[in-house]
Amino acid sequence: MYSSSNSFMGGANSARPGQPPFMQQPSYGQQTTQQQQQHQTGLAPQPNGYGSQLSGFGGSHLQPQPTGFSPGQLQSQMTGFPQLQQQPGFQTSAQPPQLTGYSIQSQAPQLQVPSSTGLPVRLAPQTSSEIADSFRGSAGAAPPPPPKTAGSKIPNIRLSFITAQDQAKFEQLFKSAVGDSQTMSGEKAKDLLLRSRLPGSDLSKIWVLSDTTKSGQLFFPEFALAMYLCNIRITGRGLPDALPEKIKNEVSSMVDIISFQVPDTQPEMAFPTNAPKFDAPLLENKSAPPAPQQPQPQQPTHSQLLTQLTAQPTGFHTQPTGIQSTQASFPGQSSSLVPQATAFPGQSQQQFLQTQPTGLMSNPQPTGYSGLRPPVPPMPTSLGPNLSPAQTGGVSGLVAQPTGVPGQWGFVNAPSSGLPNIEALKQQLMPQPGREGGFSAAGLSGNAHIPWAITKEEKKIYDDLFRAWDGFHKGFIGGDTAIEIMGQSGLDQKDLERIWTLADPHNRGRLNMDEFAVAMHLIYRKLNGYPVPNRLPPELVPPSTRNLNDSIGTIKSMLSQDAESRKASGAFLQPQKTGVSYLKDHSFRGGSGVSPGFGRKDATLFKNNDEAASGYRSSARRRVGNNGRTPSPATSQTSEEELSVGQLRKKIRETQIMLDAVDFQDENRAEEEDALDRRDRREVESLLDRIRRVQDDIDTHPDAAFRNLDNGAERRSLRRQLQSYEDQVPQVASDVRRVEREIAEAKLELFRLKDAKAHPNSASNIVGTGPGGAVTEADRIKARARARMQARAAELAGRPTPSSQEDDGAAARRVEAESAKVKADREKNDAMTRDVEDSVKDFARSLEDTLKDASENSTREHERRRWEDALGVEDVIRDFIYDLKRNSRTAYVRKEEASRSMHEEHERSRYDEAPATRPSPPPSTGSTGSLPGSTHEDRVAAARERAQKRIAERMAAAGLKPHNNTAETLLQRQEREKKEREDRLKQAEEEDTRREQERQRRLAEEQGGSMAQPAKPASKKPPPAPPSRRGRTDSAGQAEAKRAAEESAIVEQAAREQTIREEEEAQQERKRLEDDARKREEEFQREKEAQEARLRALQEQVQQGKIKKQEAKRRKEEADRLAKEQEAKLTVQRAELEMAKERERQLQLELEALDEESSSDEEGPENITPQHSTPGQSQILPEVDIAAPVAPSALVPPVPGPEPDRPTSATSSPTSDRTGLAHLPLETESKNPYFKKISLPAESQVATPQPISKAPVTSPKADVQSTNPFHRLAQQQENAKPAFTAAGPIERVSRARPEVDDDWSAAGSDFDSSDDDERPGGGSAKQLASILFGTMAPPRPLSAMDDKSPSKPSTPAPDTPVAASTAPEADGTLSIPSASIPPPPPPVVAQVPSIALSSGPPDAPPPPPPPPVPHMAPSAPPPGIPPPPAPPAAPAGAPNRSALLASIQAGKGLRKVQTNDRSLSSVAGRVLD
C-alpha cells in the first residue's frame, strides 16, 4: 500500500523533468526501518523482509514477504485497513490502488525487474494493450500488437486555414515522406522546406511557428502549417510573430487527436496517456492500496481486476502469489511494481516488492482482511498516512499530485506527463457518486485515447471569459448566465444538460471559475468532435474541489489511523522519539524535506530530497517552488527542536550571506541599469541634437517654403474638381443624347422634304400634326384634298395632270427605311456615348482611388499626427516637437524679414532713382511678396502683417499717424522731420538744377535754329530780321512752364485723389484690424520692433516723397504763375503793337495788289509763324515792352465789352490776366494739356496766357498750309486783324482738327519760316510781335509801304471791314465762340490784331479772302481795345516806331478814337456784306 500510494506520487514526479529516476532515489528500506521501529514486534518480520529486499534483488525477496509477515501481522494490517476503508474520505478499496500504483509504475521506464521474479526486464514503458493483455492471460501470452499502419492515419479533420485541395496535397506529400510514421523528422522536414528556396531566417521562423509541440518533429497539422507559412512568405507577405489563436487551436487539437489515437503503435507517445486512463477505472473500483496493478486495469475488465485483487486478501500467500502472477502475466509488470518504488526513490522492483509485502501487505490485508489484529495498525498507520498522502496529496509526494492537477489545469502544456493519471486516481479515491460502478476495458481504452487536460492557454481563455461575464466579481456565474453563455455554442440541449451536470457535480446551480472552465472545455471538445463523457474525466476535476476533498480526507485518515496506531502500539507515549513523525513529517503540503530523528527521508517526502542540501529556505520562498501550493506554516516542529543553536546561527549566517548576495546582485543590477539609462540618455540627446540640426538645415534651405505645402489640401481640391467633372458627365451625356435626338428628327424631316420633292404626289409629303409628328387621319384627308385641288388646277391651266399618287405604303416604307437608318445611327451613337460615359466613370474612379489611397492612409495619418502634431507621445517628445516647430516658425519669420528688407531696399532704390515720376510711393502696397508660409498660421500672420503695413503706409500717405507707432519719441520725430526737410530741399535743388539744364539746352537749340532760319525764305523775299531768338527763348520757357504747370496739376490731382482713397481705405482697415493687431501684440512682440522700424522707414520715405512732390509742385506753380503774369503783360503790350503794325501792313498790301498770293509771298511765313506763339520780348523794341502795359491798363475801363460772354478782351489789364493765369490751370485741368481750356468761355481763354502757351498745338496747321505761301499770307493777314479774340477759337480749332496732333509738341519745334521749320512758338503772340517789329526794321523791303500808312489808323473804316472779313473767312471754323456774341459794330483796328492772334493757327485750309462780314462781326467782341493805336504808322522804319510809341503812350486818345472807329467799322462791315 505504501508503495502503491507513493508510486502514484512518485510516478507523477518521475515523469516530470528534473526528478531523478526511481533507482536513484533513496531506498525504501530506510523508511521501512523507521516504520518498524515504531511497530510492535509482530512487525519485525516486515523489516526483516525489507532487509532482505534491501540486501538483494532476487525473487527470494518475494518470499520474505510471506515469511516476514505473519498472519498476525496481516491481521493487524487488516485491522488498520478496515479503518481506512471505513473512513469517508477513502471509500475505495485498497486493492485497486495497488493497480493504480502499478499503472503509474508502468510509466517509469528506468526500473528493472530481477530475473528471479520471473518478469522480463523492460526498459521501455508498457502500452495499455500490453498491460491489459497481461491481465487477461496469466500465462503471459500477449496478444499481437495492433498494426502500425493504424498510426499513419490522418484524422479526417478539415483545417480552415488551407483549402481542401491543398490539404489533400499536403496529406499525400506527408504520407509519402513519413510512411507509416505519425511524425516527420526534422531532417526530412528540412529537405522539403529547403525546396521552397526561402532564406534561412524565414525557414527558421517557419519551423519555430510550426513545431508547436517543440519535439523536433512535425505532425501532419504542423507540417500543413509549415507549408501554409511557406506559401505566405513566397507570395510576398510577412510572417506573423505568433500564430493566430484560431490556427493554433486547430493545429494543437489535431496534434492531440493524432498523438492519442495511436498509443499502442508508439509507446512513447501513448505513455503519458496510459496512466490517467488506467487510473480512472481503478479509482472507480475503489481498490485502495495494492498499487502494483495500477497501469493494468486500462485494458482488463473489472472482473479480472477484482479476481486478481481478491487473491491477495484471501490469503497472505495468495497475495504475493497474486502479485507474482500479476508479474508473470505482465512482462513489464516488474517495472510497474518498481514504479511503486518510484514512490520510494531508489528502490528496485524486488525491493519494492518487498516494500509491498512490508507495507503493501498491510494494505492488502486491509483490502482482504478487514479487522485483523491491532498490532498491524501501526503499520497501516504508517502506511495509511502514506496511502493517504498518495491519495490526497498530503505528503510531499501528494504535493506533487496536486501540483499535477494544476499542471493539467494550466501548468502543463499537454497531458502526456502522466500527472493526469495520478490526479485521476486521486480523484477516484475521493467519495464521488458513481465511482463504484465497474468499467469495461473498452471504456477504459476509449478514455485513454482522448486527452482531456486543459492547457495553460485554454485555461487563460476560460478564465478571461469567466471574468468578462462575472461583472460584479461574485466568484461564480448563475444558471441563467451560464445558459446564455453555453447556449451560444450551438450544441443540443441534451448535450448542454450533460455538460452542466458534469461541471456542477455538487448541484449548486452555479459555477465557479474552475467549474466554468470545465464546462467550456467540454463544450470545446464537443465542438471538435469529441463525445461528451458520461462521467467527468479525472483531468477535468477542478483543483479546488479535488484538493479540498483530498485534504479533508487525508486529515481524517491521518488522525484516525494515527490515533488507532498509537493506541494499539503504545507509541503515543513517546510520539517524538520513535523516529517517525506521523503528523509533522507527513505534511501534505511538503514543507519539510528532512525526517525528524534520524535525518532519514520519509517516504512521503522524497520529492524534497534534491533540495534538502540547498540550505535553509523560508516558507515564503518555498511557496512558488511547491507549484503554487502554500506550504505548511512551519516546516516541522520536530526539525526545529532538533536543530541546535549553533546550527540555527549557522543557518542565519548563511541566510544573511544569501540575502547580502541577493542585495549585492540587486545593487549591481541597479548600477547596470543606471549605466544603461545614462547611455540611453546620451544617445537620445545626440539624436535630438541631430534632429535639431537637420531641422535647421531644412528650415534654412531655399526651398523650405515649399516643403509644408498642404498636399492634402491640393489633393482634396483635385478630388472636388474631379467630383465636379463627374457631376457634369451625366449632363453632358444627356445633352449629347438630346442633340442626337434632334439630329435624328432633323434627318427625318430632311428626308421627308426631299422625298416630298422627289415624289410630290406621294403621301410622304404629308406633314403629321399628331403627337411626335405622327400622321393622323386628318392629315391624310388634307393631303388628299390638296392633291385633288392641285390636279384640278393643272386641268384648268392646261398643264398635264400630275401623275397618280403613289400608294401610302411606298412612302411609308421609304420613311420607315430612313427611320430605321437614322435609328441605327442614333443607337450607334448612343452606344458610343455610353461607352465614353463608362470609360469616364472608370477613369474617374481610378483617379479617385489614387487620390484616396494617397491621402486616406490611416497609418500615415496616425504617424503624421503623432510626430507632427505631437499626439499620443510622451511629454518630453511633445515638448521637443513643439520646440522644433517654434524654431521652424522663427526661421521662417527671419527669412521673410530678410526677403522683405531686400525688397524694401530695392523699392527704395527705385524710389530714389525716380522720385518725381511717381505720384505716390507704390512699394507700400506690395512691399512684401506673398511668400508661402510653412504653416497656415504663418501664412495668416504674414498676411496680417502685410495688411498692417499697408494700412500704416496709407495712413502715412494721408498724413495720419499710425496707431501702433508708439515707440517713436519726440526726439526721434524731430530728427526725422529735420531729415525729411533736408531731403526735400536737396531734392528740390536737384530738380531746379535739372530743369535749368533742360532750359539751357533748349535755348541753345533754339538759338542754333534761329541763326539758320532766315536763310530759308531769302530766295523769295528777305523777311524781316528774325527776332525770334529771345522770343523763342521766351516761348520755350513758356512751354516749359506750361508743361510743368500741367504736370504739377496732374500730379497734384492724382495725389489728392489717391490720398483721399487711401485715407478712406486706411480708416476702414484700421477699424477692422485694430482688434487683430491688439491680439497679435503678444505673439509677435519680438518681431514688432523690427516691423515698426520698417514701417517708420517706409513712412518717412512716403512722407518725404509727398513733401518733395508738394514742394516741387508749389515751386512749379509759383514759377508758372509768375511767368504767366509776365507773359500776359507782354502779350497785352505786344498785341497792341502787332495789331497796329498788322493793320498797316494789310492796308499796304491791299493797296499794292488785290492778289493775296502775290502780296503774301514775303510775309506769309512771318504771319504764320506767330500764329501759335506770343512773343515774350522783342530785341528791337525793348522799351515797348515796358511801356506797353500802360496803354492796356488805361484802355481797360472803357472795355465794357458788348459781349457779355467775353467780359474782357485780349487787352484787358494785366491784373485780370494774372488772375486768369493763376486760376485757370486748376479750374480747367485735363489729362491732355492741350485740351484743358476748350470748355472755358472765350473771354477767360482770351484773357489767359494759356492759349498762348498752347499755341504750338496749331502750329502743324500752319505747317500744313505752308505749302502755298500766298494762301498762308492771306490767311495771316485775315487772322492778324482779330489778334486778341481768337484765343478761345484756337482751342476749338485744335479740337476740331486733330489730324495734325502728332506735331503739337510744344517742346522743341522751331517754326521760323513757312517752309519746313515748325516750332511750337511759331504762331504765338510773342513771335507775331517779333515779326511785326522785325518788319519795322530798316532792312525790311516793305518799309516804304509802312511809311505810307501811318495816317490810316485814324480812318481805317473802309479797310477794317476787309480785314475783318478776311480773318473770319480764314477762321471760319474757329468762330464758334463768337457765334453767341451779339453783333456789335465791327471792331476797330486795335481789335484786328487780336483776331489775328487768336485765329492765327486756323485749321481750315486757306479759304478765299472774302469772308462773310456777319461772321466777322460776332468775332469783333475785342472792340474793348482802343482802335486808334498808332502802331500802324510804325511799320516803316524809325519814324513808324516813334509814331507807334507815341500812339501807345496816348492811351486816352486812343480810347476816344476807338468809339468812333467802332461805329465806322460797323458801317463798313455792313457795306462789305
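Keep in mind that glycine also has a Cβ here, set from the backbone N, Cα and C atoms.
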If I go by Swiss-Prot, the feature region 'Disordered' sits on one of 388-432, 703-747, 793-837. Which?
793-837
For the domain 'EF-hand 2' (491-526), jot down how many residues DSSP puts in helix, in strand and in coil.
25 helix, 3 strand, 8 coil
Residue counts in helix (H, G, I), strand (E, B) and coil for the domain 'EF-hand 1' (198-233), per DSSP?
25 helix, 2 strand, 9 coil
Could you count the residues of the compositional bias 'Basic and acidic residues' (810-837) that DSSP puts in helix, in strand and in coil?
28 helix, 0 strand, 0 coil
If you average pLDDT over the domain 'EF-hand 2' (491-526), what do you get?
89
